[in-house]
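Participant: Quick paste from Swiss-Prot:
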TRANSMEM  3-23  transmembrane segment
TRANSMEM  37-57  transmembrane segment
TRANSMEM  69-89  transmembrane segment
TRANSMEM  110-132  transmembrane segment
TRANSMEM  147-167  transmembrane segment
TRANSMEM  172-192  transmembrane segment
Amino acid sequence: MSPFSIVLIGFAMSTDAFAAAIGKGAAMRKPQWRDALRAGLIFGCIEAITPVIGWLLGRAAASYVSAYDHWIAFVLLGALGTHMIVAGLRNGPEDAEDAASDTPKRHGVLGLATTGFATSIDAMAVGVSLAFLDVHIGVVAVVVGLCTFSMVTAGVMLGRALGNLIGKRAEMLGGLILVIVGSVILYEHLSGAG
């Protein structure tokens, strides 16, 4: 997998967390940099660990599915990307409640970690698909963690100003990127380019 594809995956994996961070930032009256950095660190660490867990699970099953690995990567990335696009198109009632609330909130470590795990399930599934590809999972984990740290830190700070405007679009963009990366993996394998 090319370095460019790894960076794309890193940013795609961070878009759910970015959308959640915008929501967290919107819930705060005036988010401080320490709040944003703490959220970025928690989300980034969790998002870096989950693809490694998925990769380990995928490696355990690799010998059984190696003939179909490119299809598995394509289907997993495509399904996750499609799910993210569909989720980005929906506006839930909690979005309106969050936007209407003027009550300042501070988010504790447990709340941030719970949200971080919830937004990193897709990264675990991507890790499973990466187990079937020629990629160094340590590099992917670091890239995903750094991208998530950056995106969440920015998301918290942008949250108050941008709220619902960018949040859903970021999730849709991340989904589109996953669908494209999955399609490129399948194309490279079928065409002999990979």
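In case you wondered, yes, glycine gets a Cβ from its N, Cα and C as well.
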Participant: Between the transmembrane segment (110-132) and the transmembrane segment (37-57), do 3 or more CB pairs sit under 8 angstroms, pairs being 6 or more residues apart?
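Facilitator: Yes, the transmembrane segment (37-57) and the transmembrane segment (110-132) are in contact.
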Participant: Between the transmembrane segment (69-89) and the stretches 3-23, 110-132, 172-192, work out which stretch tops the count of Cβ pairs under 8 Å.
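Facilitator: Result: 172-192.
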Participant: Cβ under 8 Å to the transmembrane segment (110-132), counting only same-chain residues 6 or more beyond its ends: which ones?
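Facilitator: Distal contacts: 1, 9, 13, 16-17, 19-20, 24, 38-39, 42-43, 45-47, 49-59, 61-62, 65-66, 69-70, 72-73, 76-77, 80, 83-84, 140, 144, 178, 182, 185.
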